[in-house]
Amino acid sequence: MTAKTIRHYLQFKDFSLEDYEYVLERTGILKRKFKNYETYHPLHDRTLAMIFEKSSTRTRLSFEAGIFQLGGHAVFMSTRDTQLGRGEPVEDSAQVISRMVDIIMIRTFEQDVITRFAQNSRVPVINGLTNEYHPCQVLADIFTYYEHRGPIAGKTVAWVGDANNMLYTWIEAAQILGFKLRLSTPPGYALDMKLVSPDSAPFYEVFDDPNEACKGADLVTTDVWTSMGFEAENEARKQAFADWCVDEEMMGHANPDALFMHCLPAHRGEEVTAGVIDGPQSVVWDEAENRLHVQKALMEFLLLGRLKH
């Protein structure tokens, strides 16, 4: 594979609508194989390097189990244990690591790190999470919606809470997949427009009142108020976000059959009440499991392209 043919997955916008239609279809197929205990090893003897600067439960488990279920192997690499954590240039690490493995997943702080890594990699690189974007999680959310309600095109998604990596990824997804995003963030925590494409403006709307943002929504979603790396702001954020807790009253403004999602970990009583996240509209456990299935489809697609089936 030459450098020109390598595809990376660093932001949601890296794939086209047609790519997503294929990957979502493959996700459903791979999930059915998993549920039926079918052996399927298209990535036999392929190796995934997992580089973690930010710790994780769901990201590590889903990628490590996923590559194993596809017949491959995973190598866990922490910046505490590698030269990346000792000051080796990202570009040099990318050159070395990509000569020894078939695909790389990175979970780190700055998007610039993963961008530079991909620019110097001989193999596909996947964004497992950065401060700016979280494409694998939103892809899992989209598939979860599809499972429960069908295509998300033309639907309305409400985002309540912090303007974080999830929200910026939802904005990109709205533009590509053709749904409307209604969002509400507290004063002082508005969108950083440097991370938002002007072309996406028709696909999202900003509301001061989170209840207003939820009106007519088919899906209501949120995240923690304090993301990893912002712990020093925790107390200030708790005060600022107090009215942005998704509770039963707020869900009442959404459509009666609206779903609730949260990428986890959740803090009951902060960004969401127990009554909502543990209630009948919540699909958070399906959402968490689907990280496994969408990432298997993603790795298969990046390494093998479109399969004839």
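Just so it is clear, glycine is given a Cβ too, placed from its N, Cα and C backbone atoms.
Annotated features, as they stand in Swiss-Prot:
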BINDING   Ser56, Thr57, Arg58, Thr59, Gln83, Arg107, His134, Pro135, Cys136, Gln137, Cys263, Leu264, Arg291  carbamoyl phosphate binding site
BINDING   Asn165, Asp223, Ser227, Met228  L-ornithine binding site
Sparsest Cβ surroundings (other CB atoms within 10 Å) among the binding-site residues Ser56, Asn165: Ser56
Distance, Asn165 (L-ornithine binding site) to Arg58 (carbamoyl phosphate binding site) (CA atoms, angstrom): 16
Sparsest-packed among the binding-site residues, when each Cβ's other Cβ atoms within 10 Å are tallied, from Cys136, Cys263: Cys263
Residue, out of the binding-site residues Arg58, His134, Arg291, whose Cβ gathers the largest set of other Cβ atoms within 10 Å: His134
Proximal residue to Asp223 (L-ornithine binding site) among binding-site residues Ser56, Cys136, Cys263, Arg291 (C-alpha distance): Cys263
All-chain count of other Cβ atoms within 10 Å of Ser227 (L-ornithine binding site): 18
Asp223 (L-ornithine binding site) CB neighbourhood, other CB atoms within 10 A: 24
Residue pair Ser56 (carbamoyl phosphate binding site), Ser227 (L-ornithine binding site) - Cα distance, angstrom, rounded: 12
Euclidean distance between Cα atoms of Arg291 (carbamoyl phosphate binding site) and Asn165 (L-ornithine binding site), Å: 16
Integer Cα-Cα distance in angstrom, His134 (carbamoyl phosphate binding site) to Ser227 (L-ornithine binding site): 12
Cα-Cα distance linking Ser227 (L-ornithine binding site) and Cys263 (carbamoyl phosphate binding site), given in Å to the nearest integer: 12
